[in-house]
């Protein structure tokens with residue numbers, strides 16, 4: 001689920017006097033891999049669900065970490081990626097969304113109010129029970145990490161008062177509970193295509209109550225694993241514990257499914273970087289201009305400036321791509337000008353679609369985003385257009401100005417990030433990417449100088465082919481039910 005914990009991604013994290021979102025991580029020496037699967041995989045979903053999902057969100061190096069991925073970023077299929085991690089002793093598997101736009105790890109817990117009991121994603125949901133794990137311990141408000149979260153002791157804190165958290169999202173959905181410390185099982189990279197299990201102690205949110213969409217069984221996961229750059233995120237806590245360098249990379253494959261997610265220094269392929277905007281909640285970058293078919297759009301000079309509800313964010317937890325209203329209204333006509341005979345129709349009151357016979361990569365222009373530092377990101381027609389039925393295509397670009405808060409954000413999600421290796425170097429405060437075959441492998445280097453290959457993974461079940469056929473059939477039915485006249 002696209003649940004960024006920051007306002008710029010349309011979500012609000014509320015820290016109350018009785019809540020906390022601090023994550024303390026203590027991990028043993030290891031290179032770790034997490035299996036990841038697309039969240040919406042196997043669901044019968046309409047197009048509106050993907051946009052609604054987007055709106056809701058918004059030391060010494062000892063090892064590199066590898067998260068095993070699954071799923072893809074196609075709006076007409078799954079729309080998200082998630083990972084499988086082991087928690088507790090003995091460990092049990094939990095499926096959590098891997099999200100670069102949020103900063104907290106939490107899972108649904110036993111006795112939770114309105115927690116989902118089943119999922120249509122082809123996965124089995126598991127409620128975490130602290131009492132069933134021999135390594136679990138409750139976290140109280142007097143502990144250092146809780147004090148650090150509130151910049152000091154909490155008023156009324158007692159030795160037996162639990163450190164609680166509450167996260168409220170823009171659509172009214174919310175999760176709340178308390179923090180627990182327990183063992184988390186990670187996959188340590190020991191060689192090329194070789195991993196070994198490794199345990200670490202992690203403090204995470206134990207979800208006691210869910211409201212709104214978080215309780216929906218059709219979209220259910222066990223929780224969220226945030227990879228934001230705040231101190232509470234998994235990557236920040238691993239780095240502060242001296243276990244990893246504060247850098248990671250992902251390569252999201254929406255062709256074969258799954259992909260690559262690794263914590264560590266990527267040494268192959270080489271990736272050009274651009275600076276992150278300092279003191280920002282998300283991975284903000286400086287966007288200079290946009291080109292369509294090699295020609296720059298004529299836009300206001302200040303349209304990409306950073307500010308309140310402005311700026312450009314790179315967010316792997318978002319399915320589509322959102323542009324300021326003036327950019328959207330300039331970009332789409334420029335794209336469609338190459339096919340003046342086509343007639344646009346609105347599907348589900350928000351998606352512009354059309355009928356087209358032929359190769360869309362031959363019939364439509366590329367869209368290139370130009371960033372500070374001469375770094376560019378190219379979106380091809382087969383990436384920003386998606387098919388909902390035979391010869392019917394929809395435009396993936398969305399108007400962020402149509403949101404309730406009137407945001408003028410540029411939010412680049414999986415629509416343009418898929419099939420690219422994206423590297424986050426939080427030590428140098430830089431981010432970069434390159435087009436890449438996400439079903440192949442990358443090379444990472446540890447402190448000893450050893451270089452290992454991290455291969456792509458796909459957590460899809462054996463029924464993936466059947467699921468895809470079912471999705472295709474359902475999408476055809478959806479397309480037929482909508483009144484699209486030609």
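Cβ coordinates come from backbone N, Cα and C, glycine included.
Of all the Cβ atoms in the protein chains shown, 29 others lie within 10 Å of the Cβ of residue 99 (active site). TrEMBL lists 99 (among others) with the feature active site.
Marked as active site by TrEMBL: 315 (among others). Cβ neighbours within 10 Å of residue 315 (active site), excluding its own Cβ and spanning all shown chains: 29.
Positions annotated as domain 'Peptidase A1' by TrEMBL: 81-434.
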If you measure residue 99 (active site) to residue 315 (active site) at Cα, how many Å is it?
8
Model confidence over the domain 'Peptidase A1' (81-434) (mean pLDDT, whole number):
89
